[in-house]
Ligand code: IPE
Ligand code: IPE
Ligand code: MG
């Protein structure tokens with residue numbers, strides 16, 4: 001099995017999973033959060049090098065106060081617990097998204113976790129919190145414009161590489177495989193720039209039920225895909241990406 005270098009996952013379906021069990025949505029988020037911890041161990045075991053998960057979008061603030069507060073408390077606990085799994089998985093954790101809006105203690109936990117895990121190299125784990133692809137691109141444009149204004153960048157020499165260095169994912173290769181659970185088939189503002197050439201895999205399985213077997217199924221299907229990057233495979237006159 002050829003394991004993709006970078007897997008990105010939209011963790012969806014916690015609410016429906018809870019409803020099926022006649023439980024409140026918060027219960028689904030709690031079990032979904034435990035599952036996130038498990039999938040990190042699985043990713044490490046499978047030899048995935050980069051894992052990026054979408055846990056809270058810039059649009060998710062529109063949910064009820066109760067649900068948002070519950071999610072914030074879940075993140076509080078999760079970020080602390082993640083210290084242990086970062087050590088056990090030797091995983092370097094980075095939070096992507098606009099984190100300055102979170103309560104101070106959450107921002108502090110993010111800094112502590114990132115700092116604690118910064119030298120681990122087995123797995124690179126990105127958690128998208130208050131993340132939106134459009135917001136990320138706009139923030140990048142804003143920082144880049146400031147550098148042009150200050151003479152640190154030339155407006156005539158902006159390339160993809162220059163631009164990527166301003167994204168939250170700077171230094172991280174683009175995802176090879178993007179998985180969305182729960183049957184929805186849309187991006188919901190996830191990694192708009194970075195998913196340009198990724199393979200997409202959609203499954204009806206709800207996030208709390210998404211386990212190692214399901215991840216392996218996704219990777220096997222990915223293995224059967226014919227990745228092209230715009231070129232034609234087998235044509236020696238074309239330069240191809242591996
Ligand atoms: C995904 O599950 C988790 C977050 C977006 C925080 P949902 O909460 O979107 O679950 P459904 O889609 O309502 O089932
Ligand atoms: C996308 O799921 C965001 C996350 C999983 C964090 P949503 O459930 O919020 O997306 P929509 O509303 O169905 O598009
Ligand atoms: Mg959803």
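For all residues, glycine too, the Cβ spot is worked out from N, Cα and C.
Here is what TrEMBL records for this protein:
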type     : residues                                   : note
ACT_SITE : 12                                         : active site
BINDING  : 12, 199                                    : Mg(2+) binding site
BINDING  : 13-17, 25, 29, 57-59, 61, 63, 180, 186-188 : substrate binding site
ACT_SITE : 60                                         : active site, proton acceptor
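Features as recorded by TrEMBL, highlighted on the structure.
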residue	record	contacts (Cβ under 8 Å, 6+ apart)
12	active site	180, 181, 182, 184, 188, 206, 207
13	substrate binding site	28, 181, 182, 183, 205, 206, 207, 208
15	substrate binding site	25, 28, 29
17	substrate binding site	28, 31, 32, 206, 207, 208, 209
58	substrate binding site	97, 98, 130, 131, 132, 134, 135, 189
60	active site, proton acceptor	68, 71
61	substrate binding site	68, 130
187	substrate binding site	10, 133, 195
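Taking a C-beta cut-off of under 8 Å and a sequence gap of six or more, residue 199 (Mg(2+) binding site) has these contacts in its own chain: 176, 177, 178, 222, 225, 227.
Only 12, in sequence order, out of the recorded positions 12, 17, 199 have a CB under 6 Å from ligand 3. Counting Cβ atoms from all protein chains shown, residue 29 (substrate binding site) has 24 others lying within 10 Å of its own Cβ.
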